[in-house]
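Features of the protein shown, as given by Swiss-Prot:
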- Ser101: active site, phosphoserine intermediate (ACT_SITE)
- Ser101, Asp239, Asp241, Asp243: Mg(2+) binding site (BINDING)
- Ser101: phosphoserine (MOD_RES)
Amino acid sequence: MAKYFGTDGIRGEVGKSVIKAEFMQKLGNAVGTLINDNGYPGFVIIGQDTRSSGKFLKFALVSGLNAAGIDVIDLGVVPTPIVAFMTVKYKAAAGFVITASHNKFTDNGVKLFSSSGFKLDDALEEEVEAKIDSDFIYQTECKFGNYKVAENFIDEYIENLFERFGSLVNYKGKVVIDCANGAASNHFEALLDRFCIDYISVASNPDGLNINVDCGATCTSNIKKAVIEHNADLGISLDGDADRIIIVDENAQEIDGDGILNIIAQYSNICGGTTGIVGTQMTNMSYENHYKSNNIPFIRSKVGDRYVLEDLVKHGYKIGGESSGHVINLNFGTTGDGLSTAIQLLAIFSQSDKPVSAFKLPGELMQQTMINVPLNFKVTSDHLAKLAGDVAKAEERLGSRGRVLLRPSGTEPVLRVMVEADTKDLATKEAEYLVEKVKQKLV
């Protein structure tokens, strides 16, 4: 079991968890030592989101890397997918992003990409953790690393997307964007300017403390309100590091990651093509049934975009994602990318005069109820085994009308209890039953 890594990097409350300057320095040195041990190119790329804690954590990380002899190219405040993109383009040994994604501003963390632009697999994470807990290594003969700022690399990312989609995007509707006061602030606007999109920007004034506060992909009431106020045709909401995207239609109705994935799957010829789709354990059953009825291969991965990616590679598919808004298209990148996904959607919506709502899955989706149960310990398979009988009873009552999922969060100290059913009342009833059992047996 991982000591430091969760489902999406390492994160926690700054100063009250492992997210401290000392740890970041050790992490940098650990990765730098592994880079040297494996003979990779001696430089890495680094970026950060807008949190006030980002700079001191970044420089602690840089000091550990430099001590190991690794050069660092700093992109400044940039979305996570841009770091992954640049890591691959410039053949860096690794890419780091100082971010806690959609978490509150008091948290921070780090996401780590391999030289191929993928998040680390479990085995490599274990190697990194072992090095963190080993002695700090200084480069021999004082051949320490250098540090360079290169904040204009964002232009290369924008031009790459324009080369691919410039001839396809001709969207005439009014768009509202919510940058979560995060890493996409100003960058998303520059991207839309390049495509000549008529847009209004909200939550794009970061001050170091307001990232994800009442805005962004985890607080869609903000973008819904903006769509109504501005009579917009489309709303696009990103999270703090812009690897998630949620959209709303002209009626301010939300389309989550599953819905976005379904739209891209329907028009995959515009988006590079795929032979199948990867969702997760959280993907609504309605989408699974839709894919099956249209003879589109569909599989569920574990929750977490790194697991979606693993299954994409394993099965040779190109497009996958999560309900939360991580959407991966291996035709264009190696990780969840809110900016690229937004452009793909604009390319699709440009192909007809239909409103955004017309691209949604027809009919009502299966109803989901999810309740987070706070716990002060890490949930293991032994804990879940204590609830197996209760889960079986709920599943028996649901029959073919729904399903049950109990899942420990990889980023928060909670157990997520999710029930899906054909009515909201039934989903809520069974979810509350299971929450009560969790409290009786685990709390």
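Cβ atoms here come from the backbone N, Cα and C positions, even for glycine.
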Practice task
Give the sequence-ordered set of same-chain residues, not counting Ser101, Asp239, Asp241, Asp243, with Cβ within 8 Å of the centre of the Cβ atoms defining the Mg(2+) site.
Solution key: Asp49, Pro79, Thr80, Thr99, His102, Gly182, Ala183, Ala217, Leu238, Gly240, Ala242, Arg244, Gly336, Gly338
Fill in the blank from the handout: For Asp239 (Mg(2+) binding site) and Ser101 (active site, phosphoserine intermediate), the CA-to-CA distance in whole Å is 7
Exercise for the section: State the count of C-beta atoms found within 10 angstroms of the C-beta of Asp241 (Mg(2+) binding site), not counting that atom itself. Expected result: 35
Exercise for the section: For Asp241 (Mg(2+) binding site) and the residue listed as 'active site, phosphoserine intermediate', determine the Cα separation and express it in whole Å. Expected result: 5
Handout entry: CB contacts for the residue listed as 'active site, phosphoserine intermediate' [other CB atoms within 10 A, all chains]
Key = 32
